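Feature annotations, courtesy of Swiss-Prot:
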DISULFID  Cys5-Cys24  disulfide bond
DISULFID  Cys10-Cys29  disulfide bond
DISULFID  Cys14-Cys31  disulfide bond
Amino acid sequence: IRRYCDPRVCDRECLEKGKYFGRCIRDICKCN
């Protein structure tokens, strides 16, 4: 688990999981 959430990395990881996009909330990657 990263301490700092990079929005671009989060977004790409969420896309790979089949989600539309990801955003960082309190340094945690949330997929939508």
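Note: Cβ is positioned from N, Cα and C throughout, glycine not excepted.
Where Swiss-Prot records a feature, it is marked here on the structure.
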residue : record         : contacts (Cβ under 8 Å, 6+ apart)
Cys5    : disulfide bond : Cys24, Asp27, Ile28, Cys29
Cys10   : disulfide bond : Gly22, Arg23, Cys24, Cys29, Lys30, Cys31
Cys14   : disulfide bond : Tyr20, Phe21, Gly22, Cys29, Cys31, Asn32
Conformational class of Cys14 (disulfide bond) under the three-state DSSP mapping: helix
CB contacts for Cys24 (disulfide bond) [other CB atoms within 10 A, all chains]: 17
Cβ neighbour count within 10 Å of Cys31 (disulfide bond): 16
